Amino acid sequence: MSSKMEQKEAHQTNGVVLPIVAGTIDCLTSPDREQLVESTEFLGPDGEGVEVVVLESRANAKGVREEDALLENGSQSNESDDTSTDRGPEPASPFKETSFSIGLQVLFPFLLAGFGTVAAGMVLDIVQHWDVFKYVTEVFILVPALLGLKGNLEMTLASRLSTAANIGQMDSPKELWRMITGNMALIQVQATVVGFLASIAAVIFGWIPDGHFSIGHAILLCASSVATAFIASLVLGMIMIGVIIGSRKMGINPDNVATPIAASLGDLITLALLSGISWGLYKELDSKAYVNPLVCAFFVALLPLWIIIAKKNPATREVLYSGWEPVIIAMAISSVGGLILDKTVSDPNFAGMAVFTPVINGVGGNLVAVQASRISTYLHMSGVPGESSEGAPRKCPSPCSTFFSSDLNSRSARVLFLLVVPGHLVFLYTISSMQGGHTTLTLIFIVFYMTAALLQVLILLYIADWMVHWMWGRGLDPDNFSIPYLTALGDLLGTGLLALSFHILWLIGDRDTDVGD
């Protein structure tokens with residue numbers, strides 16, 4: 001061994017520390033010779049000879065950084081192996097959260113969104129007595145479908161823009177303008193198409209039970225649905241863009257404020273627009289029959305323009321071609337809930353149900369959306385969709401593992417479930433103090449209402465645990481596919497269980513109902 005050779009550093013290899021040495025090796029300057037290889041023998045711990053190959057290449061900044069990173073990662077990996085060699089792969093939790101911290105973070109957005117649903121319920125309680133809701137009762141079928149559409153489109157818009165802002169894709173004016181125009185055009189396409197399909201579903205669900213079809217009412221539903229979906233998405237999209245840009249300038253994470261604001265304003269704006277537009281078009285139904293088809297044709301004719309704009313943006317082009325299945329199926333599921341609402345509220349004995357429907361549906365949807373997002377984040381910490389991991393079980397989970405295990409997702413499920421009763425008590429008190437609805441809040445009514453709300457959230461949280469893992473195992477990103485299904489199931493469960501509670505209370509004669517206008 002040359003006397004000029006000296007020890008430089010130690011490297012861990014399979015638990016055996018071997019010295020790595022470097023010497024003064026003359027580099028050849030010929031471009032054909034990239035590296036020199038020198039083989040040197042050392043004595044290992046057991047006295048046997050161990051051959052070490054020393055590679056020296058042209059030194060450059062990139063090579064040094066890569067070598068340092070590899071050595072550092074190897075050291076960290078071996079240190080981890082020394083402390084936990086027997087444990088299998090386990091997804092890392094992004095935060096060390098306690099039940100108290102989870103509840104504290106969720107409470108404010110939960111209340112903010114809940115008061116938005118209370119306001120929407122008050123609006124529905126008033127407009128249910130308008131002529132358009134009395135004589136074109138299929139409008140009730142549009143209510144859960146369009147409110148759910150708001151959640152599916154605006155929540156995903158807020159998520160996309162917040163992510164783009166956080167990773168620096170909206171820093172320059174050019175990038176900002178391209179991101180805004182592409183995403184606004186995309187949600188106009190989605191809103192117009194799904195709004196049109198929702199009106200067709202309302203016509204079908206209204207025609208099947210009664211066997212009565214009116215072409216004038218069908219066109220009215222189409223025009224009202226498409227116009228409401230388009231304008232609501234435009235207004236809410238502009239609000240979301242303003243909130244996200246303002247949050248970035250103030251140094252606030254848009255993820256923490258955009259979604260609650262969308263949830264709190266969406267129901268109220270959408271329901272107010274649906275009521276006003278359908279009422280205005282109903283007034284023109286007899287005197288100016290051409291207005292309704294003209295309105296419908298106008299918004300449909302704008303579709304090619306929005307498609308062209310959305311296709312120019314690479315980020316929205318992919319969403320434009322994919323992602324339709326969950327939104328459309330969710331719309332169909334919500335329309336079934338709307339059919340239940342239509343048949344229940346149309347009976348004067350159950351007119352008081354209208355004010356509570358947006359509340360119970362909105363609360364359930366918001367809570368299960370939080371849980372689905374948390375589970376999805378947990379899975380993303382361990383890999384990519386489609387990868388098999390311990391965090392993604394293949395079989396249906398048991399209720400005990402969903403609610404009573406010690407992991408973080410089970411803890412958050414318990415916290416969200418415990419928010420149901422105090423949250424609904426606050427919302428019921430608010431409705432009562434504002435003299436909304438036609439139902440006296442007796443003790444037995446509160447018990448039945450709370451039972452329906454708890455059962456709804458319990459079922460939703462369990463389905464979310466199964467559905468997110470199921471989609472993950474099949475290579476689908478739960479962030480894009482699970483929430484539309486879960487919120488639609490929340491609409492169906494909430495409306496169905498609430499209608500069942502009202503029917504039981506009516507049968508036992510414990511409701512004091514005022515059916516006057």
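Residue numbers in this text run from 1 along the chain shown.
Any Cβ shown, glycine's included, is placed from N, Cα and C.
According to TrEMBL, the feature region 'Disordered' maps to 65-95. Feature annotation from TrEMBL assigns transmembrane segment to 106-126, 184-208, 214-245, 257-277, 289-309, 321-341, 413-431, 443-463, 483-508. Under the heading domain 'SLC41A/MgtE integral membrane', TrEMBL lists 143-277, 357-500.
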Stretch with greatest number of CB pairs under 8 Å, the transmembrane segment (289-309) reference, 106-126, 184-208, 413-431, 443-463 candidates: 184-208
Number of helical, extended and coil residues in the domain 'SLC41A/MgtE integral membrane' (357-500), per DSSP: 108 helix, 1 strand, 35 coil
For the transmembrane segment (184-208), sequence-distant contacts whose Cβ falls under 8 Å of one of its Cβ atoms, 6 or more beyond its ends: 137-139, 141-142, 145-146, 149, 153-154, 157, 217-218, 221-222, 224-230, 232-234, 237-238, 241, 299-300, 302-303, 305-307, 309-310, 313, 316, 319-320, 324, 327-328, 331-332, 335-336, 338-339, 342
Spatial neighbours of the transmembrane segment (321-341) far in sequence, C-beta under 8 Å, 6+ residues away: 140-145, 147-149, 152-153, 190, 193-194, 197-198, 201-202, 205-206, 209, 353-354, 357, 361, 480-482, 484-485, 487-489, 491-492, 494-496, 499
Distant-in-sequence neighbours of the transmembrane segment (413-431), which means Cβ under 8 A and at least six residues beyond its ends: 99, 102-103, 106-107, 110-111, 114-115, 117-118, 121-122, 355-356, 359-360, 363, 367, 370-371, 402-404, 437, 441, 446, 449-450, 453-454, 457-458, 461, 465
Close approaches to the transmembrane segment (443-463) from elsewhere in its chain (Cβ under 8 angstroms; 6 or more beyond its ends): 356, 360, 363-364, 367-368, 371, 397, 399, 402-403, 413, 416-417, 420-421, 424-425, 428, 486, 489-490, 493-494, 497-498, 500-501, 504-505, 510-511
Composition by DSSP (helix, strand, coil) of residues within the domain 'SLC41A/MgtE integral membrane' (143-277): 121 helix, 0 strand, 14 coil
